[in-house]
Amino acid sequence: MAAATQFLSQPSSLNPHQLKNQTSQRSRSIPVLSLKSTLKPLKRLSVKAAVVSQNSSKTVTKFDHCFKKSSDGFLYCEGTKVEDIMESVERRPFYLYSKPQITRNLEAYKEALEGVSSVIGYAIKANNNLKILEHLRSLGCGAVLVSGNELRLALRAGFDPTKCIFNGNGKSLEDLVLAAQEGVFVNVDSEFDLNNIVEASRISGKQVNVLLRINPDVDPQVHPYVATGNKNSKFGIRNEKLQWFLDQVKAHPKELKLVGAHCHLGSTITKVDIFRDAAVLMIEYIDEIRRQGFEVSYLNIGGGLGIDYYHAGAVLPTPMDLINTVRELVLSRDLNLIIEPGRSLIANTCCFVNHVTGVKTNGTKNFIVIDGSMAELIRPSLYDAYQHIELVSPPPAEAEVTKFDVVGPVCESADFLGKDRELPTPPQGAGLVVHDAGAYCMSMASTYNLKMRPPEYWVEEDGSITKIRHAETFDDHLRFFEGL
């Protein structure tokens, strides 16, 4: 099986139409397109010496954010004024992406991986928009799956099954049978998971390529809700149980082929030496596995690289920084590297766009109330996560700058998008965006309070606007009860 990333090209067919709603005189009219889906169904180095990169001379382009304020005070996405987009689409909260930024983010990983046999597996859980998946697949990406439906969606988007990795601590037998039939990699997470994979192999009549998910117990220094590789995690196996799993694989040669080892430390990681520390341990496990006669050829270091949510000018690790910490380790053992980026591929490509409903004060608290909410974007409420917030247009000259909680209309005190944000007092109807909303935002959206999931658009390379997901409607909700 070829492990290096393949570069596929399959253009989507476009069916453009101009939205009919009028724009204000000071705005230009922006056509919004609707996509019609096109569907297809050993050299030895010492571990200590190996952690220093030999690729540091590579020139990396400085990151230039796709959403930025211009000197005129307006927010632009790839040169297109966000306020103009708001006036050209349905008046409701929506997600707005930069398609070119998605491409640039993936290219950064591909550049970093030059010279390393690799699979870039996009973590579908971060954002499962079908058009985004098709775009990433067309650029040569693989997919990382944590449910049977994510596997089905990956197949619908045209991903090569041999570049897909099925993760999860509770994979069902039905989903494992599908994975076995399609030939995807499966990460073994527990004793019962291994038994189910064996059964799935027998049902499907196909041998399953498996990796062992081993917890290296390296502290990722992140929020406990997104730490996944410590000794008490619900994911993976403890290293002291490794021999039991190796013996079980040996006992089932027709059903299982052990091809690699996997770890996943967590998410929003901002120190790449943490990945290095984990990779050093994983190499030790791989050496032991090979000593027992297994032809292990893959090291999967997971994902989790963080981004600059604060927009405070922090210098964060790049994909090149990440890969350089493990490059020589991987090459020293002649391994194929699998990485599982999600947030770092898609988060900074998107804003959540809202209208200001009004401003109010209670006691010592000032509130900006918007039409978006925790139903559409739950990260701040769930993790107390910070996402940068700003207005899309210049405020009135007399607008006072003060501290606001930015809140939505959902009937929960936890319904906030940001707390204690210094912002100019906005007029009613003003546009307000929550930045870096491409990952774990729309994919975690709900219909709480019957807030229907919003539409999604992206800015194309030529500056045109394309709808990439329809808004959900009240009629969509009622359809679940038809015929009952």
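Cβ from N, Cα, C; glycine included.
Residues annotated as active site, proton donor in Swiss-Prot, with sequence analysis given as evidence: Cys411. According to Swiss-Prot, the feature pyridoxal 5'-phosphate binding site maps to Gly304, Glu340, Pro341, Gly342, Arg343, Tyr440, an assignment based on similarity to another entry. What Swiss-Prot records for Arg343, Arg379, Tyr383, Glu412, Tyr440 is substrate binding site. Sequence annotations record features per position, and here Swiss-Prot assigns compositional bias 'Polar residues' to 1-28. According to Swiss-Prot, the feature N-acetylalanine maps to Ala50, an assignment based on a large-scale study or a structure entry. If you look up Swiss-Prot, you'll see Lys125 marked as N6-(pyridoxal phosphate)lysine. Sequence annotations record features per position, and here Swiss-Prot assigns region 'Disordered' to 1-30. The transit peptide annotation in Swiss-Prot covers 1-49 and rests on a large-scale study or a structure entry.
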From Gly304, Glu340, Gly342, Tyr383, Cys411, Tyr440: recorded positions whose CA lies within 10 A of Lys125 (N6-(pyridoxal phosphate)lysine): Gly342, Tyr440
Packing count at Tyr440 (pyridoxal 5'-phosphate binding site) (other Cβ atoms within 10 Å of its Cβ): 24
DSSP three-state assignment (helix, strand or coil) for Glu340 (pyridoxal 5'-phosphate binding site): coil
Cα within 10 Å of Tyr440 (pyridoxal 5'-phosphate binding site) - qualifying recorded positions among Tyr383, Cys411, Glu412: none
Entry from the recorded positions list Lys125, Arg343, Arg379 having the most other CB atoms no farther than 10 A: Arg343
Recorded substrate site residues Arg343, Arg379, Tyr383, Glu412, Tyr440, farthest C-alpha pair in Å: 27
Minimum Cα separation from Glu340 (pyridoxal 5'-phosphate binding site), reported as the residue among recorded positions Arg379, Cys411, Glu412 that achieves it: Arg379
Residue among binding-site residues Gly304, Pro341, Arg343 with Cα closest to the Cα of Arg379 (substrate binding site): Arg343
Binding-site residues (Glu340, Glu412), the one with most neighbouring Cβ atoms at 10 Å: Glu340
Euclidean distance between Cα atoms of Arg343 (pyridoxal 5'-phosphate binding site) and Tyr383 (substrate binding site), Å: 15
Spatial separation of Pro341 (pyridoxal 5'-phosphate binding site) from Glu412 (substrate binding site) - C-alpha basis, Å: 33
